[in-house]
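The structure appears below as structure tokens.
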Amino acid sequence: MSFKGVYVDNKPGEYKTDNDIKKIQLLCFDLTNYTVKSQLLLCSLGVFVFFILYGYLQELIFTLDGFRPYGWYLTLIQFGYYTVFGLIECRVKHIVRKISIGTYLLLALLTLGTMGFSNSSLGYLNYPTQVIFKCCKLIPVMVGSILIQGKKYRLLDFLAASLMCIGLILFTLADSMISPRFDFIGVVMISCALLCDAIIGNVQEKAMRQYKGTNTEVVLYSYSIGFLYLLLILLLTGDFVKGVSFCAKVIFNKMHMLITFKTSYENYYRQEFQHPVEVYGYGLLFSLCGYLGIQIVLTLVQCCGAFVAATVTTCRKAVSIIISFMFFYKPFSFQYLWSGLLVILGIYLNIYSKQGNSKSDLREIWIKLKRCWSNQNRIQRQLMANV
């Protein structure tokens, strides 16, 4: 989920007047008069609750027998629900469109790529592997910024990207060796999702600043146009009919049964009654959690800044991985742990680099790492001595 486009942190030395104070609203609750600490705690709680449920339901849907090829159909369901949610919110808040349709045509295509490839990749990858890939969005963002904008990055940023790459490679290798669900197609899909996600943030930010559009407007038009895109694609490929047939109670062609004489009543009923409640019911909860989660992350960015929001969402992803191993059976290797820690360290360095502006940052981090390593060795020696 991309939450770029909202940057409200004051620079050092600036202050807000009464006219500058923006209304902070968490869903339907007004938090404007709350302390910053209270706003942070409430928003963080909302992020953890909704996005952990989002990840759990997403993985739960893909545990259905035979659902693996229908990731794009799930994306269509999700886009449909998001369109309804956005339309209701726009009607309630009396929001009108400010951003041009041409911009939304591009945004919808990028949103479709981000969500569609991300959902579909779960048919070929473990959920923890997908989350680790999502944590490494910095890599395509850096590459795109260097090639397209000629932007320069600090040494700490390159170190962060390198650690993410190493951790990502090790995590993927571990998954490929022990996971029965691993397929390289999933790696390609989640990489495409990251590429679209890296582009969409810049397009969103530029459009919202230029036209003064709201988050609700962007969500409504991006997902509604994306829904039409995907519906047309699935109709042309025939995957729409296949998805409907899998997720609903299918009335099979009885003429085929009369010709073959091979379909038993047992097979007939097993194929006839599929997964309407699971897919559409879980899909509703899955989409609702995702939609509300997006709104809360945007509120968190507004009240506490992008740095705090990035830290909270990173912690949430770590918890989601732990919950995935707890509730869904999958083989485990300690290589998952070490490679995941490398990725988290890379994320921390990336966040840390945005807060400082001196070369002493890298030296300070190195000193802290050496201290942690020496403490770990000391504890291990004490444990060995007690054995």
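Just so you know, glycine gets a Cβ as well, placed from its N, Cα and C.
Taken from TrEMBL, the feature transmembrane segment covers 40-58, 70-92, 104-125, 131-148, 155-178, 184-203, 218-236, 279-300, 307-329, 335-353.
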Beyond the flanks of the transmembrane segment (279-300) by at least 6 residues, Cβ under 8 Å: 1, 3, 6, 24-27, 31, 40, 43-44, 46-47, 50-51, 53-54, 57-58, 60-61, 64, 67, 74, 77-78, 81-82, 85-86, 215, 219, 247, 308-309, 312-313
Distant-in-sequence neighbours of the transmembrane segment (307-329), which means Cβ under 8 A and at least six residues beyond its ends: 3, 9, 40, 43-44, 47-48, 51-52, 55-56, 59-60, 63, 126-128, 131-132, 134-135, 297, 300-301, 340, 344, 347, 351, 354-355
Spatial neighbours of the transmembrane segment (70-92) far in sequence, C-beta under 8 Å, 6+ residues away: 61-62, 112, 115-116, 119-123, 216-217, 219-221, 223-224, 226-227, 230-231, 233-234, 239-240, 242-244, 246-247, 279-280, 283-284, 286-288, 290-291
Listed stretch, out of 40-58, 104-125, 155-178, 218-236, that has the most CB pairs under 8 angstroms to the transmembrane segment (335-353): 155-178
Leading stretch by Cβ pairs under 8 Å, where the reference is the transmembrane segment (218-236) and the options are 40-58, 104-125, 155-178, 184-203: 104-125
Residues of the parent chain within Cβ reach of the transmembrane segment (184-203), under 8 Å, 6 or more residues beyond its termini: 2, 4-5, 103, 106-107, 110-111, 113-118, 120-125, 129-130, 133-134, 136-137, 139-141, 144, 172
